[in-house]
Amino acid sequence: MACGGCSCEAAVGATASEAYLEGEPVREARELVAELCRHFYAQGWVTGTGGSITVKVNDPAVPLADRLIVMSPSGVQKERMVAEDMYVMAADGKVLSAPVAKPWPNKPPKCTDCAPLFMKAYLMRGAGAVIHSHGMETCIATMLNPGAKEFRMTHMEMIKGIKGHGYRDELVIPIVENTPYEYELTDSLSEAIAAYPKATAVLVRNHGIYVWGDSWINAKTQAECYHYLLDACIKLYQLGIDWTTPEHGPINNAKRQRSILSSEIPNGCRAADSSKCVVLDIEGTTTPISFVTDVMFPYARDNVREHLTSTFDSEETKDDIKLLRIQIEDDLRNGISGAVPVPPDEAGKEEVINSLVANVESMIKADRKITPLKQLQGHIWRTGFEKKELQGVVFEDVPVALKNWHSSGIKVYIYSSGSREAQRLLFGNTTYGDLRKFLCGYFDTTTGNKRETRSYFEVSQSLGVDSPSQILFITDVFQEAVAAKNTGFEVIISIRPGNAPLPDNHGFRTIKSFSEI
């Protein structure tokens, strides 16, 4: 089929033979996209020529990454779509075949404006198909909280239809802001895909949703589940039911019942009257555990060799290696699983790095809270943030709370197992912007083990309060709560999706959002 002039990235190329383009696999893919367009039009997802669909040609003889791409055009009535309307592209997005122009009143053929966004899903996630829907529920769900950067839901049966999720899991869909032109969304969608490795969809506020899957069946199934869940969210909102918690109780019920809340502070977020300082844990308190385990830890693990190799002779890395050697020698004496000897420097750079990588990978796998590991991770993450390969994630109630505490004159500090540098990087590069202006200081394991009472005494001495009771500590870890309480801190335990269960009769006040404080 000859090209009739297309506005996509590249002109028609000759990288695939005419015979293959006219062959059975490509023909079936064209017909499939046309059929899906008609089906989704009936669903209300692609009305008014909006929305688009693309699939990879199903040819088992060709690796998925190299398969041709079939993509629906722009400006064509989806309910009247036929196979001949489709564009066929190479795996890199180069157009190989374009539709023939039709007589007036049909518009000249034009490749979908979604093409660069579709290519991001193909290249970054190895997708087999991508669906862009303008379904009403995908727009309204993003309007319920105009400031939210994520959509969250848990304990709904249809969550099981989303890849990698179960009934009890928390579904998280990143939300990016709309732009006047579709192609202008490319960078923000790319950043969201990178920041949320478990996600198979991105919502565009007041616009729609992009959904991808390993195959057209998987993408279609997930798209149907997403639309169901977003529609359920809207209906639950109308009923005053909270879709973000396992109990699905009344929205803000806890907030309404607590007399501690102040009408002067929007959304609560006011510390107890006696508190002069708030000390926050990160993982499971300000930030989802999944972000740390699924993004931060894997990034450090996957980049430790490159980091050590490229910075081996720097003073900073020499110090990191010195601390690791001391820790590993101690681990070997104590029979710690996964510890392997580190050869002397005379053995050569490569041998030293190989042994260090093996030890670090073992430490990360065991989630050890030790200073040498945390310091090295912080230096690796710094590079990730500088390269924009990492972006900090916090729960949506956190920025509001930090701002309100700051406005009320309450000083806020962080106490985390991660290094102080890593803490600053995370809060300085969040999806909500730089939050460090609301923080007064940072504590890490150099202050002491977070499960030991002595550590909280050291924190209280550093903060200069008259009494430890003037410090409110919020954490998700029971043992940390006990240690802080034994020092005299006021303590609240954070209940977030994915956090470890608490023992029965633990005796601590719990919250699911900072808005309850």
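Cβ atoms are placed via backbone N, Cα and C, with glycine included.
As recorded in Swiss-Prot:
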type	residues	note
REGION	1-242	region 'Methylthioribulose-1-phosphate dehydratase'
BINDING	C114	substrate 1 binding site
BINDING	H132, H134, H207	Zn(2+) binding site
ACT_SITE	E157	active site, proton donor/acceptor
REGION	278-517	region 'Enolase-phosphatase E1'
BINDING	D281, E283, D476	Mg(2+) binding site
BINDING	S416, S417, K450	substrate 2 binding site
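Known features from Swiss-Prot, placed on the structure.
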| residue | record | Cβ within 10 Å |
| --- | --- | --- |
| C114 | substrate 1 binding site | 26 |
| H132 | Zn(2+) binding site | 29 |
| H134 | Zn(2+) binding site | 20 |
| E157 | active site, proton donor/acceptor | 11 |
| D281 | Mg(2+) binding site | 23 |
| E283 | Mg(2+) binding site | 23 |
| S416 | substrate 2 binding site | 25 |
| S417 | substrate 2 binding site | 23 |
| K450 | substrate 2 binding site | 22 |
| D476 | Mg(2+) binding site | 22 |
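Across the residues annotated as binding substrate 2 (S416, S417, K450), the two Cα atoms farthest apart lie 8 Å from each other. Using a 10 Å Cα-Cα cut-off around H132 (Zn(2+) binding site), the recorded positions C114, E157, E283, S416, K450, D476 reduce to C114. Candidate recorded positions: H134, E157, H207, E283, D476. Nearest to S416 (substrate 2 binding site) by Cα distance: E283. If you measure from the Cα atom of E157 (active site, proton donor/acceptor) to that of S417 (substrate 2 binding site), you get 35 Å.
The binding-site residues recorded for this entry are C114, H134, H207, S417, K450, and the Cα of S417 lies nearest to that of E283 (Mg(2+) binding site). In the three-state DSSP reading, E157 (active site, proton donor/acceptor) counts as helix. Mean pLDDT for the region 'Enolase-phosphatase E1' (278-517) in the predicted structure: 92. Only D281, from the binding-site residues H134, H207, D281, D476, place their Cα within 10 Å of the Cα belonging to S417 (substrate 2 binding site). Residues I282, G284, T285, T286, T287, I289, S416, T475, V477, E480, S494, N499 surround the recorded Mg(2+) site, their Cβ atoms falling within 8 Å of the Cβ centroid of D281, E283, D476, which are themselves excluded. Sitting within 8 Å of the Cβ centre of H132, H134, H207, and not among those site residues for Zn(2+), are the Cβ atoms of G50, G51, S133, G135, T138, V204, G208, I209, Y210.
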